[in-house]
Amino acid sequence: MSDTKDSRLFQNIQIAFAVIAVLWAIHIFDMFFPGNLKLYGLRPRNMDHLSGIIFYPLLHGSLRHLMGNSGTLLALLIISLSLSRKMTGFALFIIIFGGGGAVWLFGSPNTVHIGASGVIFGLMGFLLFIGIFQKKWKPLIFSIVVFFAYGGVLISLFTIVPGVSWSGHFWGFISGVAAAWFMRKPENDLKNEKY
């Protein structure tokens, strides 16, 4: 690898760790200070909690919940950022607002959705399908890597477990696939970025 590629990979790793650090800082703040940030989670069809669409991926119910999401999110962010920072930014925008909006519209009433797992499933959907939709070697290699590393996790899209936001996982995945579909054409793939 050239120094430029090494430097870019190191920067991508730093960005991914910074995102995880923000999640941990929010959780630690919530543990030690009065109040309950989890109240700001996503509440389907509740007009008073539209902000939950933005905040729900940042909030976690427990240390175990956060730990369970941190490693996978870190790995997927590094992979996605290594493919393209601009495409990752666009995909995250679609995943958070599209997936969160769909959970707000279609999620079970009287529930609160929190956690980064919707974003995780969104990144999986994005990375699995970007190579297929673009029909280019580099994205296709990333798609294959993600499939072999995380393909088994997709089974949980068809499993409903009490206390787990199935709709967050499902709509996150669908919004990630939608982001990949939108970037399928060369004029939409934000290709001016240097890899």
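Cβ atoms here come from the backbone N, Cα and C positions, even for glycine.
Annotation source TrEMBL lists domain 'Peptidase S54 rhomboid' at 50-185. The transmembrane segment feature in TrEMBL is assigned to 12-33, 53-78, 90-107, 113-133, 140-160, 166-183.
Sequence-distant contacts of the transmembrane segment (12-33), counting only residues of its own chain at least 6 positions beyond either end whose CB sits under 8 Å from a CB of the stretch, comprise 58-60, 63, 66, 69-70, 73-74, 77-78, 81-82, 85, 116. Among the stretches 53-78, 113-133, 166-183, the one making the largest number of Cβ pairs under 8 Å with the transmembrane segment (140-160) is 113-133. For the transmembrane segment (166-183), the residues of the chain that approach it from at least six positions outside its boundaries are 42, 56, 87, 90-91, 94-95, 98-100, 102-103, 106-108, 113, 115, 117-130, 132-134, 154, 156-157, 159-160, 189-190, judged by C-beta separation under 8 angstroms.
The average pLDDT computed for the domain 'Peptidase S54 rhomboid' (50-185) is 92. With DSSP classes pooled into helix, strand and coil, the tally for the domain 'Peptidase S54 rhomboid' (50-185) is 107 helix, 1 strand, 28 coil.
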